[in-house]
Amino acid sequence: MMRHRQLLLATACLWALSCASLLSASNPDGAGLLRVSLNKNKLDREALTAAKVARQQDSRLLGAANGGDEIPLVDYLNTQYFGVVGIGTPPQNFTVIFDTGSSNLWVPSVKCYFSIACYLHHRYKSSKSSTYKADGETCKISYGSGSIVGFFSKDNVLVGDLVVKGQKFIETTREPSVSFILGKFDGILGLGYPEISVGKAPPIWQSMQEQKLLADNVFSFWLNRNPDAPSGGELVFGGVDPKHFKGEHTYVPVSRKGYWQFNMGDLLIDGHSTGFCAKGCAAIADSGTSLLAGPTAIVAQVNHAIGAEGILSTECKEVVSQYGEMILNLLIAQTDPQKVCSQIGLCMFDGSHSVSEGIESVVGKENLGSDVMCSACQMAVVWIENQLRENKTKELILQYANQLCERLPSPNGESTVSCNQISKMPNLAFTIANKTFTLTPEQYIVKLEQGGQTVCISGFMAFDIPPPRGPLWILGDVFMGAYHTVFDFGKDRIGFAKSA
């Protein structure tokens with residue numbers, strides 16, 4: 001249950017945001033370039049923990065999806081960056097998250113009577129708009145942390161000084177999730193592809209494109225990570241601001257429309273491979289989350305390298321103790337790594353299917369333990385194979401695997417690190433388009449203020465998606481703050497350059 005003080009705080013934060021003028025209509029770089037100023041809020045530790053739980057629920061939903069509408073990969077409690085748009089004539093202002101991980105625009109409706117969240121946020125009043133057009137189609141969007149229910153309407157949307165005419169959007173009539181009660185935002189403005197838009201409503205960039213409002217078919221994010229800066233950054237429609245980045249952008253094609261998804265390679269720790277994504281992983285650039293989410297097998301290695309404290313996994317240590325030497329011998333004998341765990345009897349599949357796929361439909365709780373052991377075995381294979389490449393001895397390899405078991409990230413909370421050790425932590429690098437994109441410790445460690453003290457946490461959290469959709473990385477604001485990001489919907493590609 002949320003304390004009364006938290007409700008007052010959430011309301012006060014929203015009031016401050018609503019009263020602030022966040023839009024900038026200046027356009028020094030030529031016609032068709034639209035700037036939207038972003039406001040930045042401090043991260044809250046409790047919100048981060050709740051968001052991680054929701055992210056785990058999202059991964060199960062996404063892993064079980066077999067067609068139909070894809071489920072958005074977002075929980076918004078830990079989102080820092082917001083802006084304001086106006087809906088209707090005259091404009092009714094709403095604080096929204098500009099989210100590349102979903103595609104619909106939604107705000108609370110004045111007809112939302114039975115959800116507390118609606119009464120804590122601005123509500124759209126169609127009777128007050130001269131450009132409102134009824135649609136009436138009902139809809140529902142499911143998130144890991146809950147669902148919203150509402151109906152479609154059409155009205156003009158003011159973004160900066162551009163008016164998008166007749167934009168189809170959702171008036172929500174039910175917002176049951178605590179996320180929307182605590183959230184310091186009124187609604188969401190989705191910037192994903194139309195393929196994941198509920199009700200086939202065009203995302204706002206598509207409407208801008210069709211109405212020929214933009215000079216170029218791109219939008220770009222510059223997220224200001226300086227905690228003392230008055231501006232949180234800028235979202236630019238129709239082009240890029242050269243003052244926001246250094247050098248040239250590296251572009252990678254969109255591999256699957258829906259989310260802004262692309263193919264990436266290995267994650268390196270001080271130049272050393274973590275193995276799991278060496279042959280490729282999918283990745284999504286997601287402005288709707290603050291952190292970096294990826295496979296547990298890699299996040300555990302990152303936690304070990306930076307000294308993050310996670311949970312003690314007895315199942316993992318049991319696998320290493322009982323089967324570690326057998327795994328090592330099978331790998332030395334050139335056994336296909338994907339088949340090692342099935343050969344020793346810990347997994348039911350040989351690599352052609354995900355061991356996690358369909359776990360929700362398994363009959364009987366006794367099967368859950370075997371799935372956990374299988375997952376632990378698969379991680380141990382990755383770790384041991386990595387150490388074999390480094391020509392380590394058997395004793396050192398098994399000792400390392402055992403240590404990683406202790407660094408497994410907690411699914412219900414953050415992995416903390418010592419703030420005094422940040423300067424001694426390694427650089428981490430993502431491989432994208434055969435180039436490395438480095439994150440320094442100052443960039444991937446998140447500092448939270450709690451009770452007058454600074455708490456430091458790892459910017460990485462575990463997020464496991466089974467094949468064929470995964471393995472999958474979610475590159476949130478930690479990455480997008482370090483690298484100016486261009487979303488090119490004209491050429492279906494994503495570009496990254498060092499932020500200025």
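Note: Cβ is positioned from N, Cα and C throughout, glycine not excepted.
Please treat TrEMBL annotations as automatic predictions, because they have not gone through curation.
Looking at Cys405, Cys456, the record from TrEMBL puts Cys419 in a disulfide bond with Cys456.
The record in TrEMBL lists a disulphide bond between Cys118 and one of Cys112, Cys139, namely Cys112. Using a Cβ-Cβ cut-off under 8 Å and counting only residues 6 or more beyond its ends in the same chain, the domain 'Saposin B-type' (311-351) has close neighbours at 369-370, 372-374, 376-382, 384-385, 388, 394, 397-398, 401-402, 404-406, 408-410. Taken as a whole, the domain 'Saposin B-type' (311-351) shows an average pLDDT of 83 in this prediction. Cβ neighbour count within 10 Å across all protein chains ranks Cys112 highest among the disulfide-bonded residues Cys112, Cys419, Cys456. For Cys118 (disulfide bond), applying a Cβ distance below 8 Å and a minimum sequence separation of six or more within one chain yields Pro108, Ser109, Cys112, Thr172, Glu175.
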